[in-house]
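Now, the feature entries from Swiss-Prot:
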type	residues	note
BINDING	20, 79, 119, 445	(6S)-5-formyl-5,6,7,8-tetrahydrofolate binding site
BINDING	225, 244, 246, 249	K(+) binding site
BINDING	225-230, 244-250, 269-272	GTP binding site
BINDING	229, 250	Mg(2+) binding site
DOMAIN	215-371	domain 'TrmE-type G'
């Protein structure tokens, strides 16, 4: 296995820069860079880092050596902590590149080596990637659970139950003259039924994990000039949309990303929806607004309190569902006791974006809907499409399983199910099935 290195911290100006080296020559490289031989594992040393050919000082650094297998990758690993200077990083990288039999690591190669050395399964590796990319508290919680084996436990439970079924059935395939006892048939059928139900329910999750990973799309829609762009600017805490009294100012979709209650929200301000527009560009903007709302996870439908009754149309109300927040804006311009017919149909929030009246209620409602759609629960979620794809394949094989038909074909359906789950976790091993058989049956006795 080659020795690899990379700067693990971001390149650029910072307090500290961290370099990682992994592979059989790691300790030798550290000794070459420092001129010191007596490094003990897991102890941090303050050392000068030099260019071996010239003895030029690169930096005074903290270094540590991890002896295999007690390291992140399971190999010999060295970490070098220098000052976070671009010049230092360039000098150290060039120095490492000039050392024989060491190369720059490929993207994700340290984690890949950790997986290959059985430090964790593929779901945990994906959890580490999600943890690095997490931008909100809820994304972090989901990623931490996955990185610490939350999904592995669930998938391995199903896999072990299926291996048990295979071991039972394989024994009777090898000894066809013996009838399968009724108790074993019942155990197999009950286990099969339970796994089918569990995977079916697990897949029927409304893609909560993927929503949390990728962000919940929130579309702000409504008639023209109701304050949609002002609301977007308020939520984003900066002016990213042009605000004007002229109807139709917003033509295209304006997008922003924010964190509300720990949930990642992708905000979209859209063109005002009205039926009487003759402007071709505005008509295209209205079309895009409606399409945006149809694909949104959360919708805010916004009306102007002064023009509410005359601005309601079916294009707008037809988009309202259980994940919609209906807002009556500019309440500072009407009498406090004025009521609207739409309030009899929907729960409405009365606000004034301009004068910051009741805007916290909007944030709370967004958070409540986001929690309902993607809130973290005790059961780990499916977090990406790869898992969902193989679980659907696994379920298909389980549904095909039938002990009333050929026993070999039935066993193959279970074996294919195990393979699909193994493709998720990265564990596919025929020896496990053999071990299960020999553990439970006294073959040849």
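Placed from the backbone N, Cα and C atoms, the Cβ positions cover glycine too.
Each of the binding-site residues 225, 229 was assessed for Cβ neighbours inside 10 Å, and the highest tally belongs to 229.
Sorting the binding-site residues 20, 119, 228 by the number of other Cβ atoms within 10 Å puts 228 first.
In the shown protein chains, 21 other C-beta atoms lie within 10 A of the C-beta of residue 79 ((6S)-5-formyl-5,6,7,8-tetrahydrofolate binding site). Across the fold, the C-alpha of residue 225 (K(+) binding site) and the C-alpha of residue 119 ((6S)-5-formyl-5,6,7,8-tetrahydrofolate binding site) stand 57 Å from each other. For the domain 'TrmE-type G' (215-371), the model's pLDDT averages out at 85. Residue 271 (GTP binding site) carries neither a helix nor a strand DSSP state and counts as coil.
For residue 229 (Mg(2+) binding site), the nearest of the binding-site residues 20, 79, 119, 271 in terms of C-alpha separation is 271. Of the recorded residues, residue 271 (GTP binding site) and residue 119 ((6S)-5-formyl-5,6,7,8-tetrahydrofolate binding site) place their C-alpha atoms 51 Å from one another.
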